[in-house]
Each structure stands twice: as structure tokens, then as C-alpha cells.
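Report on the following structure.
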Amino acid sequence: MAAFSEMGVMPEIAQAVEEMDWLLPTDIQAESIPLILGGGDVLMAAETGSGKTGAFSIPVIQIVYETLKDQQEGKKGKATIKTGASVLNKWQMNPYDRGSAFAIGSDGLCCQSREVKEWHGCRATKGLTKGKHYYEVSCHDQGLCRVGWSSMQASLDLGTDKFGFGFGGTGKKSHNKQFDNYGEEFTMHDTIGCYLDIDKGHVKFSKNGKDLGLAFEIPPHMKNQALFPACVLKNAELKFNFGEEEFKFPPKDGFVALSKAPESFVVKSQHTGSAQVAQTKFLPNAPKALIVEPSRELAEQTLNNVKQFKKYIDNPKLRELLIIGGVAARDQLSVLDNGVDIVVGTPGRLDDLVSTGKLNLSQVRFLVLDEADGLLSQGYSDFINRIHNQIPQITSDGKRLQVIVCSATLHSFDVKKLSEKIMHFPTWVDLKGEDSVPDTVHHVVVPVNPKTDRLWERLGKSHIRTDEVHAKDNTRPGANSPEMWSEAIKILKGEYAVRAIKEHKMDQAIIFCRTKIDCDNLEQYFMQQGGGPDKKGHQFSCVCLHGDRKPHERKQNLERFKKGDVRFLICTDVAARGIDIHGVPYVINVTLPDEKQNYVHRIGRVGRAERMGLAISLVATEKEKVWYHVCSSRGKGCYNTRLKEDGGCTIWYNEMQLLSEIEEHLNCTISQVEPDIKVPVDEFDGKVTYGQKRTLGGGNYKGHVDVLAPTVQELAALEKEAQTSFLHLGYLPNQLFRTF
């Protein structure tokens, strides 16, 4: 308790921490908690199981409590608010709502970006909520640009999310990253007219007075949102005309210039030249902290930690809410209406509630992105930027929004780019460094070579069910086609997984498969061996964890594995991201992950203090054809086995290349073992070894002593000689004096 109190943690939280047997803070907690309590933005990276959740939860809970306590006692902070009223009073491009390399002339109408690699955008100072309106844009050079309309929620990269409508110089219209042919190309000296009919919900454009026809119908979710003139440039220059000057091509059919729009139709931008300041009015659906997680399991795990840490906090009590998919929204809305202080959720459901106004972000003091690299890899960068833009940068009591980003690695380009965009001079707390394999983890590769191991030919129909990628192919023995070898690999991997379990008498292991259907097929094969979910204690008792299983089943399966009711957890990479499972003795990679960082996440699950951990990867020596769904259903009911480049949903998976990339990433050679999966035993301590990597990486005490023994003997001889010389020199002067 004293250790946490010394960092400034309040006694109530320290008491709860002590009951959890956390006697001392972990390294990541010791570094991060004081920084967050001090009001800073923090970027943190540490190993799974290092106490990372506590590192951000403890200070967030404390500051939220202190904020509520101040409000309860009527204390108010002072916020200095500047306004850009002079800018917002006229129609022009907004200098406070633009990209970092977007320049605006003194008239507010001439715009330029000379960045040649990145797009930079800008919105106008005013938007519209009603009526029929028009403005013109003239192209001053041959650079790339898109012009159009967007809401305040939209990204400045116009047309790449569901809140903006753009028309580009390449003759493409764009909305929600959908780029379709429209109209015709435009370039230097062309004038583009931008039409907006809010009453009908129509957006269209013209080129040099030529009407190009309807471009977009405004979707229902945007009917009540103000739309602002917007553009995005790459090495280009534009000049806007909102109607203060005479139009080159005046509009017809009742469209009026933006500058002539009635004041009742016009709204001013929220970007006013200083940080947006939160309103002081209490709202029950406006939390003080928002924690975003990439998966349901992680969100539930974090919420449980929050409940534990706040156990002794009272007057006022903190109210928390879990917002995830797969749960009735009405239950979550009911809790929101009664008031919440801390929200933990996943992007999908959070986005729904924020976009419909059910979840209000105007009071948020903390934005926490846990497993940020996972969120970005799942395509949630637009969501993150959108919610960050909606959160006031200054709270009603004058405090600054704090952003905390947790990531498995801070060496990801996407994470660095995100931090530069949404964080304010963040402190980096990197206790993980570049990826490496702990000394307690032995990892080996088992080559799966269907050309040398012909077992797959002799199994008949008793083998594992495969993923039906080759349902229409001739894969019978003798075909000697890539498809035949690919199907053989799938069959052999099922056999090798069973063989590994039997050979090492595995009592507990996590088994990673590449896809959800692979997980289901392996579970079914274990059931054929007599195991399965309902066979407690059986050699092949197992449960599955992946996105297609219902939330309550996923939660139940995770708990059953943790309690030891079943031996094996068969899962996709969802379990490799932060879920509180570590210290298992074995991991089996049925297929290598396509991201090398995920390999380290997977095998990092193994190892205990009293026994070394063993990670076995089954690596195909030939290419395997696998599912890679790019269809709208994301694989549900899809049987399109054509290759991705041919409009299908499959790819050829090259595990040997992936293995090479992993070895290069870790700067080591991973030892290979024979298909019998017998791993060599170290003579000194009886633990498994993984050969060359062990020798290179150190940690083998006996081998280390053998190597150093001759050097130590030589040093001992030199030491003896030096001391003898010193003694000889000490007596020599006395002997010389006596001779005289």
C-alpha cells in the first residue's frame, strides 16, 4: 500500500490494490502512474501481463473521482477561452480547421498545399443546415485536389469517411472511401461548381458551367448535420468564391450563393482558434473517461479491473458502463440515462451511440486507446480521429484533455503517426523495446512437407475436415498440382497438432489458427478423438474463442480454460491481444500469423517460473491456398474460391517467406525439429532447448561456463603474476639499501 501511496495514489485505491496482492507497482506502473496523475499524455508499451491496465486505470479512476468531488463541493476551475469571432463572421476557409501543410491566403479564399506525398485538407468557417446553396472553386495549377462538402465529424481527408462528399480532378466522386467514376476530369483553369440541396438531400457538381448530374444522396444519418464547404489538396492551389465576388458560372434553379444564405440556415464552425471548451451543464450520458478496446474480451477484462480498483471509493461513487456489441443496446441506454462516469467499450457499438447522440462526449477528460496497434490494424483510425475531434480539448473546469495510448509496440509507424495527430507532447514509456523472445520461451518449427510425408494419402476420410477452399479442385493423390499439395498441408496440420499434444503429454495449451473456420474444424477433429468442450479432463478437451461465437459463449469458454476445466483453447489472434492468459506451458501455431509482431504476442503466452514454455509452429514448405475475404459479408456464406486478384476471396499463403521475415525480425534462426516433434532435451537442467537460438541468446549456464573456462584460467594466471611482481618490487628497495 505504501509503495502506491508514494506515487500519489489515494488511500482508497491503494487499499483495493493491496487486496489484489499487488505489493509493489510493476515497472510500467511505476513509470506511468505519476505521469498521468501529473496531467500529461502518455504513450506506453510493455509486455502482456505487465500490469499495463492498472497503469492507466488507477490514475484515471483517481482523477475522475477528484473531478466529481470538486463538482460536488461546488469548486470551479478557471478556463481561459479565446475566440476566433472575427474569422468566423465571414465566409472563408478556416485557419483553425486545416491540415498541417495547408496554407490559406490573407483573403481566406486562396488555398495551397505543396506536400507531394500526403493529402492535406480544410473546411470553411461556416456550414449550412437548410436550403439550396452553391459556391465555386477555381484551379490555379495542375496538382491533385478534391472539393465538396463535409460535416464537422468528417476527416479533413475529404471523401474518405461517411461524413464527407468529394469530387476529384481525376473524374472520381468519393464518399466513405468509395471512389466512383463521375463527370469528367478537371485541371488548371477549370472552375468547379459545388451544389448542395439540403431539403432534397442532393449533392452535385458542375465543370465550367456544365451540370454533371446528381453525385450523392445524403444518407439519413446526416440529414440533421450541418455541411461545410471542404477540400483536400496534394501539391495544388485553389481559389474559393462563396459569392462575395461575381460567379463565373452563376447557378440556376433557385440555388443561392453561400454568402447570401439566411442567418437561420447558417452555423459557425466549432474550431474557433483555441481549444474547444466543454460545457458545464451536467449530462447523465456524458462520461468523464472513455476507454476504447479492440475486442469484447479485453473490454470486459478492463471493466473488471476498474471495478476492483474503485471498490473503496465513496461519496461520490463512480459509475462505470461496458458498451460492446452482442448485448442489448436498450440495457446500455438505460444505464446511460441514469448517469455514467467511466465508459469502457469497443469501436462498433461506441460509434453507433456517439453518432446517434446517445453517448455524449462533451465532458470527457480522458481518452484511453488500449492496444492501439490492434485498433489501427482493424481499420479504426477514422473512428479514433472522429471521436477525438468531438471531445473538447479543455474541460469546463479548465483542465486539458488527456490522451493515453497503450500499444504492444511503439515502433509501429501507424501508432507514431496517430500520436502526432491526437496527443499533446506525449511522454514515451517503452519498457518493451524491439520485439524479442524471452529466455523462458523455447520455440521450434515443424516443417509440414506433403512431398516427403505421404501420411495424408493413407488417411482416407478419417482426417480433419478442411476449409473447403479446394471443394471444386482435383486434390486426389497423383494430381501433382499446387491445389493437391495445399489440401495435403491442411490434412497434415491436423495430424501434427494431435501428434504434438500426444508427444509432449500437454496438459494445457493455446492453439492458434488463422481463421474462424480453421478453429471450428480443429475443435471438431478433437471431438472425433474423444475430446471437445464437454469432456472435462480428457486428453483432447477443448473450447473455441473467435468472433463468430456468441459473447456469453466466448466469456464462458475463456473462464473454463482459465479454471482448467478444459486443456486447450483454440483461437484466432483475438486471444493474443492483451487478454489475461499467460504462463501456459505450451502454444501451438497451426499457421504462422501474417504479421510478425503477432508471432511474438502468441509465443509470449508460454513459460512459467518452474518450467520452461514450448511454442511449436507448424510451417508448410509449400504454398497453401487460404481464405482472404474481401467481400461485404466478411466470409459469412461466401464460397468464392477464386483468387483475390480474380475477384475472389482466396490467396496463396507462403509460410516459408513469413518464417524468414519472423527470423529477420527477431535476428535469430528458429530451430527446426522432425515431424515426430521430438524436441531435444538439455543435459544440464532437463528442460527443452531450441538449439542454435539458445546458444546465441545465452542463458544456458553449463555451455556458458565451458566456453569461458580457458579465459578464466588465463586471467587467474595473469592475476598471480601481477601480485607476485608487486611483492617483489615492494621488498627490492630495502635489499638495495642494506648493501650500502
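The backbone N, Cα and C atoms fix where each Cβ goes, and this holds for glycine too.
When Swiss-Prot is compared with the stretches 114-117, 182-185, 370-373, 434-437, the one noted as motif 'DEAD box' is 370-373. Mapped onto DSSP classes, the motif 'DEAD box' (370-373) shows 2 helix, 0 strand, 2 coil. The domain 'Helicase C-terminal' (493-681) scores a mean pLDDT of 88 in the predicted structure. Neighbour density at the Cβ, taken as the number of other Cβ atoms within 10 Å, is lowest among the binding-site residues Ser50, Thr53 for Ser50.
Long-range Cβ proximity for Lys268 (N6-acetyllysine), meaning a same-chain Cβ under 8 A and a gap of 6 or more residues, is found for Leu88, Thr125, Lys126, Gly127.
Sequence-distant contacts of Lys239 (N6-acetyllysine), defined as residues of its own chain at least six apart whose C-beta falls under 8 angstroms from its C-beta, comprise Leu109, Cys110, Cys111, Val137, Ser138, His140.
Around the Cβ of Ala46 (ATP binding site), a 10 Å sphere holds 22 further Cβ atoms from the protein chains shown.
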